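Worksheet for the structure shown next.
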Amino acid sequence: MLFKQQALLRQKLFVLGSLAIGSLLYLVARVGSLDRLQPICPIDGRFRPHGQDEIPLRTLQFKRGLLHEFRKGNATKEQIRLHNLVQQLPKAIIIGVRKGGTRALLEMLNLHPAVVKASQEIHFFDNDENYAKGIEWYRKKMPFSYPHQITIEKSPAYFITEEVPERIYKMNSSIKLLIIVREPTTRAISDYTQVLEGKERKNKTYYKFEKLAIDPNTCEVNTKYKAVRTSIYTKHLERWLKYFPIEQFHIVDGDRLITEPLPELQLVEKFLNLPPRISQYNLYFNATRGFYCLRFNIVFNKCLAGSKGRIHPEVDSSVITKLRKFFHPFNQKFYQITGRTFNWP
């Protein structure tokens, strides 16, 4: 009899234990499934227009499911209306620069619950064929969002394309513009490295960086080489300043974003008039990848694509010295115009 009672007691304890573990796992999954519009980063009344309700909470399942259907065009108008979602023109654009860290900046800003990013580069303002399709075509390329959120897109070719400043001005003369820069010589080599990798994938040969960056006839810096021209930041910025005051630009330190991203992101939050929501919790260093990855909640993490952080080829030190000497006066003028100084050689 005693043996049966003990066996029955063990069975009851096993059932209760299983229920407790099941409940705990459910709670963990439930908390983990909440989208980043939930407790990690609630939006307070400073950001919402007075008298409007809280932004509805979404789960990851909803984000990946229903919003995916919206993007594919499969959602009904009634579904869109019920969820109060819209496709908004961007209130801020990351306009450049190429290989400065535009993708990293966009993904990191997407940690903020009031920010919604366009997944792909739209190339609306720098592509004549796309621009001819009109502003409504551009709007329909934007992600669905709540009216209180800010849509941001990034196309680094905008910064160096002559027609873009006027075109963006005609869309929204008060738009906020983000420029992320790296040390000019490093950026030029990174630019070259990306092109080189593309050539190698196609089994094509390509010139060494030194041969492209230095004019063989004059032995001076080759300003016709696009990677060099792009790094003359002040020349491009001066064209933008014909349409927008400097107060509508924010310069992000791309080198610092790699090593110490949070202070840079906090500066952007302030520039965009967003309540501070991105914290150190949302960023963790991945030693294998060698840079910071993103944490939206306890189960949803994200690292940038493996193509980021390419190893640069070795470049002749005399060429690097020549390039840095060439960029120096342009850098000084860039500091003066923007009011931000960098520790560039």
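One is the number of the first residue shown, and numbering goes on along the chain from there.
Glycine residues also receive a Cβ, built from the backbone N, Cα and C atoms like all the rest.
Small disclaimer: the values here were computed from a predicted structure and weren't measured.
Database features, via TrEMBL:
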ACT_SITE  Lys99  active site, for sulfotransferase activity
BINDING   Lys99, Gly100, Gly101, Thr102, Arg103, Arg182, Ser190, Tyr292, Lys308, Gly309, Arg310, Ile311, His312  3'-phosphoadenylyl sulfate binding site
DISULFID  Cys293-Cys303  disulfide bond
DOMAIN    90-334  domain 'Sulfotransferase'
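Mapped onto this structure are the features recorded in TrEMBL.
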residue : record                                     : Cβ within 10 Å
Lys99   : active site, for sulfotransferase activity : 24
Gly101  : 3'-phosphoadenylyl sulfate binding site    : 28
Arg103  : 3'-phosphoadenylyl sulfate binding site    : 18
Ser190  : 3'-phosphoadenylyl sulfate binding site    : 20
Cys293  : disulfide bond                             : 16
Cys303  : disulfide bond                             : 15
Arg310  : 3'-phosphoadenylyl sulfate binding site    : 13
His312  : 3'-phosphoadenylyl sulfate binding site    : 12
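On a Cα basis, Cys303 (disulfide bond) lies 17 Å away from the residue listed as 'active site, for sulfotransferase activity'. Mean pLDDT of the predicted structure over the domain 'Sulfotransferase' (90-334): 94. Cα of Arg310 (3'-phosphoadenylyl sulfate binding site) to Cα of Cys303 (disulfide bond): a span of 15 Å. Cα of Ser190 (3'-phosphoadenylyl sulfate binding site) to Cα of Cys293 (disulfide bond): a distance of 20 Å.
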